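Asks: Feature table excerpt (TrEMBL):
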- B:Leu85, B:Ser86, B:Phe113, B:Pro114, B:Thr115, B:Asp116, B:Thr155, B:Asp184, B:His187, B:Tyr209, B:Trp239, B:Thr265: pyridoxal 5'-phosphate binding site (BINDING)
- B:Lys210: N6-(pyridoxal phosphate)lysine (MOD_RES)
2 protein chains.
Amino acid sequence: MTDFTATRAMFDLPEGVIYLDGNSLGPLPRAVPARVARTMTDEWGKMVITGWNRAGWMDLPARVGDRVGRLIGATAGSVIMGDTLSIKVYQALASALEMRPDRRVILSDTGNFPTDLYMADGLCRTLGPGYRLKTVAPEAVEDVIDDSIAVVMVTEVDYRTGRKHDMARLIARAHEHGALVVWDLAHSAGAIPVDVTTADTDFAVGCSYKYLNSGPGGPAFIYVAPRLADKVRPALSGWLGHEAPFAFDLDYRPGPGIERMRVGTPPILQLAALDAALDVWDGVDMHDLRRRSLELQQIFIDRVTAGCSELTLASPVNGAARGSQVSFRHQEGYAIIQALIAEGVIGDFRAPDILRFGFTPLYLTPDDVAKAADSLCAIMQNRRWDRAEFKTRSKVT
Amino acid sequence: MTDFTATRAMFDLPEGVIYLDGNSLGPLPRAVPARVARTMTDEWGKMVITGWNRAGWMDLPARVGDRVGRLIGATAGSVIMGDTLSIKVYQALASALEMRPDRRVILSDTGNFPTDLYMADGLCRTLGPGYRLKTVAPEAVEDVIDDSIAVVMVTEVDYRTGRKHDMARLIARAHEHGALVVWDLAHSAGAIPVDVTTADTDFAVGCSYKYLNSGPGGPAFIYVAPRLADKVRPALSGWLGHEAPFAFDLDYRPGPGIERMRVGTPPILQLAALDAALDVWDGVDMHDLRRRSLELQQIFIDRVTAGCSELTLASPVNGAARGSQVSFRHQEGYAIIQALIAEGVIGDFRAPDILRFGFTPLYLTPDDVAKAADSLCAIMQNRRWDRAEFKTRSKVT
């Protein structure tokens, strides 16, 4: 059994705060500051350029990639870290489209996170006439897959509602029709059990700063199915994805397997932070985590539903159909979240009307969640959100 | 007058080392560890998600971009940080090509850093038939610019030889022929005086981990001429380049000016490191820096030329035609550099036969440089490089 008291002790949680926003940015794992300090002072400071060899910086994207890979069911050597999720989406889509030269349609859904749609759109424009992004309602994705679709690109868990796609079924259906799949795990990796190998996806991408707690702007990851990794032709053909980067050849030759999905020089400080953050996962069983997450969600839903009927559940009622978050709708969602933050409960708002709460068993207890629900209900009952100070929008909502 | 004793004191230089590789990775500025520690503990740790507003993380790419911009003659609001140089090259090229829809040729030279060529090649392949990268010898670039060229992409200072393009002349010539220019400042920013405004380039890109000392994998920068910034259409259309990222619209609308060159979530720890590293530049005049750099280079050239005739100067003899580095050629270059590192003088090797030395007045004195030259000559005279241990290649050369 996973010891969630032990994992909680591994975080430096802000005092007086109940943090229900680990689905946006995970909190600081205690091991991170010392590790990053060591990377700066003992590695960069003392080894300078030789750190690329002596401190193993050059291999860090692959080593850390393997650690992330274990959390998503990937075999060793099939995941690599780097860049941002937007860039990794572009890489995966470009590679997938090139493998289906007779097809020109990317299929996605309106519940996907916008950057995935924007990047797809930008890629289609670069590829030229005929290429297009088709978006349908999340529930309709499976039904519209046909032999015209080159790539199905979906984020498993909807960032607004927490609704979860049945990926195994969707991938099987895409493959039946000869389409490839890019599976965005932004709200899955570290949140729910994922098995990219058994589900047989072609590509998977995700970020590390949410449930993997790597800190603001931590690097993204990309998985390419081993059966494809030596066949994909990188569109973002950067020097560190070259077969022999330090030969400095004038012509690009892709490196072996997943290495070719590297682009430029990797962000070593952020990778060191992520590497330290991943220690938290060493004793965690993803099925224990899932069970606990669903318990926490249920406590929250029951209490909020009972205590403040003004809020409408925006997430599926059935836990199996949700990721690790619960959302409610209210027209004054923005102000309500601000009022809640002012009382030490951090959730977040997603336009136009979503109040969103992430449930992260690594550091949240049933008691935290019950208290958070009670705070929310008290704010609703006393209309404490109804103040000018809570209605002024910040740059980042 | 710039006080180079003061700037040297701002670095935590490795003991017993003369560091002539600041053109690969700058050393650790003393202010960096405390600043990054604060970003982790006081910002990420205490503010968690609210750090995006309260700690100003969201604006950091633009704020730091302005600081870098001052070193390259850019007006405020025309430079933004993020991603890697490879990605920024791709962005600039894609935008430039889209502005010259009737032309399909990118012109570069064989002295350009390979990742620029690889990224250009990948982009051409994505754009489709007709698009191609044409490379000529560095000396021939100016002469082959004609009305068929869409974009001229050159790195000002050759990473192998240190040879410097005359950018003002090259840009003028490109513009005469209706071509756009992407100017790679990897070996220029912080190394030599640069004035993107007066030179009237269209795009400029660069990295921060060389002469700007941001640490391994520090973020890249991109400059877009203000006259173009509201017209370019980003190919890498990520959510943070959107006009209203937190509206989460399904359609992409580019943000105002340089903001549209943002892609995904910025690497806050690496940006904080860079921000602190830039303090070193506050009292530095770039013309003082250039004068001092040329002095240091001349001391090195004179002493090496006099003391070890086996080495052939690979850099231009005329200082005005060089950046801030000096290179020599020798068939056993790799082993010689390893032997030199073993004696505490760090330079680097670039295949097939280049010994490369960077001259960074911020922390190098004439005495350092004379000693380094003497070490090199002693190694050559005693053939101390001729040992098996110095000939085994590391992953990173």
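In case you wondered, yes, glycine gets a Cβ from its N, Cα and C as well.
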Asks: For B:Phe113 (pyridoxal 5'-phosphate binding site), what is the tally of other C-beta atoms lying within 10 angstroms of its C-beta?
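Replies: There are 21 of them.
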Asks: With Cβ-Cβ distance below 8 Å and at least 6 positions apart along the chain, what are the contacts of B:Trp239 (pyridoxal 5'-phosphate binding site)? List them in sequence order.
Replies: B:Pro245, B:Gly264
Asks: Could you say whether, by DSSP, B:His187 (pyridoxal 5'-phosphate binding site) belongs to a helix, a strand or a coil region?
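Replies: For B:His187 (pyridoxal 5'-phosphate binding site) - judged by DSSP and reduced to three states - the answer is coil.
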Asks: DSSP secondary structure for B:Thr155 (pyridoxal 5'-phosphate binding site), reduced to helix/strand/coil, please.
Replies: strand
Asks: The record lists B:Leu85, B:Ser86, B:Phe113, B:Pro114, B:Thr115, B:Asp116, B:Thr155, B:Asp184, B:His187, B:Tyr209, B:Trp239, B:Thr265 as binding pyridoxal 5'-phosphate. What's the largest Cα to Cα distance among them, in Å, rounded to a whole number?
Replies: 30
Asks: Taking Cβ distances under 8 Å as the criterion, give the subset of the recorded positions B:Leu85, B:Thr155, B:His187, B:Lys210 near chain A, ordered by sequence.
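Replies: Answer, by Cβ distance to chain A: B:Leu85.
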Asks: Using a 10 Å cut-off between Cα atoms, which of these binding-site residues sit near B:Lys210 (N6-(pyridoxal phosphate)lysine): B:Leu85, B:Phe113, B:Thr115, B:Thr155?
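Replies: Within 10 Å Cα-Cα: none.
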Asks: Compile a sequence-ordered list of residues in the same chain as B:Thr115 (pyridoxal 5'-phosphate binding site), six or more apart from it, whose Cβ lies below 8 A from its Cβ; state 'none' when nothing qualifies.
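Replies: Within the chain, B:Thr115 (pyridoxal 5'-phosphate binding site) has Cβ neighbours under 8 Å at B:Leu85, B:Ser86, B:Val89.
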Asks: What are the non-local neighbours of B:His187 (pyridoxal 5'-phosphate binding site), defined as same-chain residues 6+ apart in sequence with CB under 8 A from its CB?
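Replies: Sequence-distant Cβ neighbours: B:Asn23, B:Thr155, B:Glu156, B:Val157, B:Asp158, B:Tyr159, B:Gly162, B:Lys210, B:Tyr211, B:Gly323, B:Ser324, B:Gln325.
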Asks: Over all shown protein chains, what is the count of other CB atoms within 10 A of the CB belonging to B:Lys210 (N6-(pyridoxal phosphate)lysine)?
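Replies: The Cβ of B:Lys210 (N6-(pyridoxal phosphate)lysine) has 27 Cβ neighbours within 10 Å.
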Asks: In this structure, which of the binding-site residues B:Leu85, B:Thr155 has the fewest other Cβ atoms within 10 Å of its Cβ?
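Replies: Counting other Cβ atoms within 10 Å of each of the binding-site residues B:Leu85, B:Thr155, the minimum falls on B:Thr155.
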